[in-house]
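According to TrEMBL:
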type	residues	note
DOMAIN	304-339	domain 'EF-hand'
DOMAIN	344-379	domain 'EF-hand'
SIGNAL	1-24	signal peptide
TRANSMEM	75-98	transmembrane segment
TRANSMEM	110-131	transmembrane segment
TRANSMEM	151-172	transmembrane segment
TRANSMEM	213-230	transmembrane segment
TRANSMEM	242-264	transmembrane segment
TRANSMEM	426-445	transmembrane segment
TRANSMEM	465-487	transmembrane segment
TRANSMEM	499-524	transmembrane segment
TRANSMEM	530-547	transmembrane segment
TRANSMEM	554-576	transmembrane segment
């Protein structure tokens, strides 16, 4: 008779994750009853069958329960056998992994600022960003016997699936909500304009075409999952080890290809630089208007001065046509001193036209110019802190700030280090942060995995569901907060960068972290039995990949699709594993 897993309720899982209380590794006293109890937790049905046979064959019945003991990790970390004690340490070690990810992120960004994009931004930063996840996946099956590793490795798979699903559902949907703008008549979200409330079809976000390229790369990254799962699709065990090896090779090949792509095509860094140049053009035009003695662009209370803005419009409108042409905008930019900041003036005209020409007729009317200038001034107010009074110096300060942002992002090769004040100290600080983050992640990855495993045993909740929900929150929180803050700027460029980072994080999960997991499976000769888990990864990646690869505007209703995929993933695994007995 085929055996099926004992089902468990999902509600206690959510309740346990909200509670708190120390951790330890459970060990038995060596008695048969103790061994049976431990086996019962990992495979309840088959163990019950063996227990019943053993009891009937022996005269005295075994003890009802064996005394549980715990072993301190590293000989000094806390130890407990209780549900809430292990839960407390899951939370504590999870927080330490979050701090490790934060240190790694801060060190990586500081190193990028010093050394510039290219090798650092394309090769080192993606790997460092995936380091906490990769370490947790590695230690999930590294220690103990083969049977113990087979039991604990499900935690690694839970983290793999949970991180991917979390980034593409909860985080993706939240970025759409916080970054939403009004969708204009041309089907593109209008930067900084948010007057339609929470209209499901009238508001949303827009990204550029290059962001859809990042989504396509993310879609390609699921190939190793398909290769490893191929023998299971054919319902055969022959060739499974070869499939794992082939998937392992493909995974690391994709990691190398992705990193080299970022090295030789650092378009994300270039786009940040282009954005800084555009902001400098904006500040230059505002400062030019201020210096031409047309009046103060901002009133005392910080509101834009429409009369002065209209005076500027008529001064730029040299042919008195009541509209601004590309030639007139080009003449304006040529007449402004941008302090040797090198940029394509035609490209600057295109960006200004994109900002102002909401009607799409390739000219800027007076109303469009006034509305665009108001958006620029509001952006300047958010960028430059003030004491409440908006003097003429405010525009000058904004111009200086944009120049500084531009200088920080310029790729000057060897000159980049020299442009940073005290580069030796900055490099030391960056390396220190990277070493500290790596050390914390390496030290507490194993205790965290053990705590999750012991909590699973004590609560009778499968470790996959715990690691699926809890561990991604620890390893991705820093990235999630940064993405949400960036998306809240409500501009196409910042939205593009935000979602590119999300897709990049998923790509590294599906390649580097999976490669580590496959290496673990292959070297320790573990069984590849993760059909339902792989299915939800493919389901979410394919749906979101197709959804984001061929469109650049996402109305607000799309966040509901993303949000629904998260609980759907848990339900699918539960049904396939505990109802149909897939794994």
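Backbone N, Cα and C atoms are what each Cβ position is placed from, and that goes for glycine too.
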Let me spell it out: take the domain 'EF-hand' (344-379), skip the flanking residues so only those 6+ beyond its ends count, and list any with a Cβ under 8 Å from a Cβ in it.
184-186, 190-193, 274, 277-279, 281-282, 285-286, 297-298, 304, 306, 309-310, 312-313, 322-326, 329-330, 333-334
For the transmembrane segment (213-230), distant same-chain residues with Cβ under 8 A (at least six beyond the ends):
243-244, 246-248, 250-251, 254, 258, 261, 499-500, 503-504, 506-507, 510-511, 514-515, 518, 528, 530-531, 534, 537-538, 541-542, 544-546, 548-549
Could you tell me what the rest of the chain brings near the transmembrane segment (499-524), counting residues at least six beyond its ends with Cβ under 8 Å?
126-127, 129-130, 133-134, 137-138, 140-142, 146, 149, 153, 156-157, 159-160, 163-164, 167-168, 171-172, 175, 207, 210-211, 214-215, 217-218, 221-222, 224-225, 228, 241, 244-245, 247-248, 251-252, 254-255, 258, 268, 476, 479, 482-483, 537, 541, 548
I'd like to know if the transmembrane segment (465-487) touches the transmembrane segment (75-98) in this structure, counting it as a touch only when three or more C-beta pairs sit under 8 Å and are separated by 6 or more positions.
yes
Two-stretch contact, the transmembrane segment (530-547) and the transmembrane segment (242-264), at least three Cβ pairs under 8 Å:
no
Do any residues, 6 or more residues outside the domain 'EF-hand' (304-339), come within under 8 Å Cβ-to-Cβ of it, and if so which ones?
280-281, 284-285, 288-289, 292, 294-298, 345-346, 348-349, 352-353, 356, 362-366, 369-370, 373-374, 377-378, 403
Helix, strand and coil totals (DSSP H, G, I; E, B; other) for the domain 'EF-hand' (304-339):
20 helix, 3 strand, 13 coil
Restricting attention to the domain 'EF-hand' (344-379), give the mean pLDDT.
79
Cβ contacts under 8 Å made by the transmembrane segment (151-172) with residues that lie 6+ beyond its boundaries:
42, 133, 136-138, 140-141, 144, 449-450, 452-453, 462-469, 471-473, 475-476, 480, 483-484, 499, 502, 505-506, 509-510, 513-514, 517, 520-521, 526, 530, 533, 536-537, 540-541, 544, 559, 562-563, 565-566, 569
Counts of helix, strand and coil residues, the domain 'EF-hand' (344-379), according to DSSP:
26 helix, 2 strand, 8 coil
